[in-house]
């Protein structure tokens, strides 16, 4: 991200004296410098590349397929409006107002700093998963140079009923039939095992090499820091839509595509009250928008203090939602065609690999191009690679910024090297024949489940501990605009009520996690719960620490002080801080009782 801009955009941020913040032991250099985006458009397109990415074109389609297509779209739409947009706006406001990352932003109340640490753990897990998707993208990109495309034709060694993905018309009846694109992904790319009863297996060396390349690319981006993403974001925000529109035109013109599209549009109202469906909608919104993982807060902390983020939020969330629907139309159009070719009526029976759906359906459509399908395959996987860069860049920068804020004296390249090595070590497990089983487990226990609980605590912190009225007062000072009833009601009542209700209903109707119809062993579930506790225990541990640090005599006084809003929390810039304090005095004077 190029941080060069105008002189007024590069003001040094003066901070509180050490007495005001006993834990703020940063050096003079690190506490007085806070770079900014060179202009507001760079922030906007960078947020688009962060939020509009793998969560939309990779995760949304397979989640929609798992939960009934159109049956999933309705709760997803409701959650976007009542949960996604309010949380996205709230996190951008928090970062811009405080100019702090996802750890120190929660200094608004000392007892809740564990939210930030928990979100960082979730981010590490999601980043490791997305980096593995990036490795798959590189592997497919290299395969795209083959003539014919390696996934377009069946192979004898697969030893199963197969349908050529290059087939454009006709019917093929077979109860266990699979497309060559699916079999190529499962048998050639993943070499996936039927179960993990005997362990994860030996890593696939080809995927390991691609994983190392992926992390090296992420590392190069990190070394340049946030300065390397701004200009690139313009390309990353525009190029993918050109490719997606081409694929949409191709998919809807395939024979039988209309059946898949109708399945994606028409809901089954009888399944609308399934708790698992609504839980999946909430977690999908988190993934699609990138909320509750700390990256949005980190990005907005580099904003100019008076940036019009209200406009940005509406643009980003709308684009994000429409991109998910666009990806859904493409995928389900292709699935409808596959069902037609195979003679299958149930769309869900077309493929068994939900996690890798994007690496099946998109290549399926490309293999049906009449002219130079290799070119379109190369362009598509370049597009998917750009999505990987956008998503991984935000999360990786969030981790880097968090570590550097805590340990400013450590050289940047050393932290980057540690992140890359750690990422490769974790990612190697994903390249094994049982890797997809592990990804599914970590996705549920380490990210989705933990992120939902942390999001609830985040909302309660801002809306009830810090207070909606106080937060809206801060917004009015920063943006020079009143906060509408929609945001106030959502932050204080509707959004937390929906998320708490879904969480409780989901826990009450708990179902054992499965992958492709297979239940995990007790040991794997215990491992999953350990990962969940690693994120969730940050809340009570930092709460106890905050209570211990208070100087009051009784335990009740210490607890109250730990949860009391920090009066020193607010703008970092000295001049803005002075104006803010005058504004507060005026606000209190004219506030109606």
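Using N, Cα and C of the backbone, Cβ positions are placed for all residues, glycine too.
For residue 391 (Na(+) binding site), the same-chain residues 6+ apart in sequence whose C-beta sits under 8 angstroms from its C-beta are 49, 50, 53, 54, 55, 130, 290. The Na(+) binding site annotation in TrEMBL covers 52, 56, 391.
Summarising the annotation, TrEMBL assigns disulfide bond to 154-162.
According to TrEMBL, the region 'Disordered' annotation covers 1-30.
What TrEMBL records for 43-61 (among others) is transmembrane segment. Same-chain residues lying 6 or more positions outside the transmembrane segment (43-61) and placing a CB less than 8 Å from one of its CB atoms are 1, 37, 88, 92, 130, 133, 229-230, 233-234, 236-237, 240, 244, 284, 287-290, 295-296, 299-300, 302-303, 307, 312, 315-317, 319-320, 323-324, 327-328, 331-332, 357-358, 361, 384, 386-391, 393-394.
Annotated transmembrane segment per TrEMBL: 73-94 (among others), in sequence order.
If you look up TrEMBL, you'll see 115-142 (among others) marked as transmembrane segment.
Sequence annotations record features per position, and here TrEMBL assigns transmembrane segment to 205-223 (among others). Cβ atoms under 8 Å from those of the transmembrane segment (205-223) belong to residues 131-132, 134-136, 138-139, 142, 189-190, 229, 388-389, 392-393, 396-397, 400, 412-413, 416-417, 419-420, 423-424, 427-428, 430-431 of the same chain, restricted to positions at least 6 beyond its ends.
What TrEMBL lists as transmembrane segment is 235-266 (among others).
Listed by sequence, the residues of this chain that lie at least six past the ends of the transmembrane segment (278-300) yet keep a Cβ under 8 A from its Cβ atoms are 43, 46-47, 50-51, 53, 55-56, 59-60, 63, 66-67, 72, 75-76, 78-80, 83-84, 87-88, 91-96, 100-102, 105, 116, 119-120, 122-123, 126, 309, 316-317, 320-321, 324, 391, 394-395, 397-398, 401-402, 447-448, 451-452, 454-455, 458, 498-499, 502-503, 505-506. Taken from TrEMBL, the feature transmembrane segment applies to 278-300 (among others).
Listed by sequence, the residues of this chain that lie at least six past the ends of the transmembrane segment (321-339) yet keep a Cβ under 8 A from its Cβ atoms are 52, 56-57, 60-61, 64-65, 69, 73, 76-77, 80, 163, 179, 241, 244, 247-248, 251-252, 254-264, 288, 345-347, 349-351, 357-358, 361-362, 364-365. The transmembrane segment annotation in TrEMBL covers 321-339 (among others).
Here TrEMBL flags 371-390 (among others) as transmembrane segment.
Here TrEMBL flags 411-432 (among others) as transmembrane segment.
Under the heading transmembrane segment, TrEMBL lists 444-468 (among others). Residues of the same chain lying 6 or more positions beyond the ends of the transmembrane segment (444-468) and with a Cβ under 8 Å from any Cβ of it are 87, 90, 94, 106, 108-109, 112, 115, 118-119, 121-122, 125-126, 129, 279, 282-283, 286, 291-293, 488, 491-492, 495-496, 499-500, 502-503, 513, 528-529, 531-532, 534-536, 539, 563, 565.
Annotated transmembrane segment per TrEMBL: 489-506 (among others), in sequence order.
What TrEMBL records for 526-548 (among others) is transmembrane segment. Residues of the same chain lying 6 or more positions beyond the ends of the transmembrane segment (526-548) and with a Cβ under 8 Å from any Cβ of it are 110-115, 117-118, 121-122, 125, 441-442, 444-446, 449-450, 453-454, 457, 513, 520, 555, 558-559, 562.
Within 10 Å of the C-beta atom of residue 56 (Na(+) binding site) sit 28 other C-beta atoms, taking all shown protein chains into account. Taking Cβ pairs closer than 8 Å, the transmembrane segment (411-432) reaches residues 127-129, 131-132, 135, 200-204, 207-208, 211-212, 214-216, 218-219, 222-223, 225, 396, 399-400, 403-404, 438-439 in its own chain, all 6 or more past its ends.
Among the stretches 115-142, 235-266, 371-390, 489-506, the one making the largest number of Cβ pairs under 8 Å with the transmembrane segment (73-94) is 489-506. Cβ neighbour count for residue 52 (Na(+) binding site) (all protein chains, 10 Å cutoff from its Cβ): 28.
Long-range C-beta contacts of residue 162 (disulfide bond), restricted to its own chain and to partners at least six residues apart, with a cutoff below 8 Å, comprise 154, 155, 177, 178, 179, 180, 183.
Remote same-chain partners of the transmembrane segment (371-390), defined as residues 6 or more beyond its termini with a Cβ less than 8 Å from a stretch Cβ, comprise 49-50, 52-54, 57-58, 130-131, 133-134, 137-138, 140-141, 144-149, 152, 214, 217, 221, 232-233, 235-237, 239-240, 243-244, 246-247, 358, 362-363.
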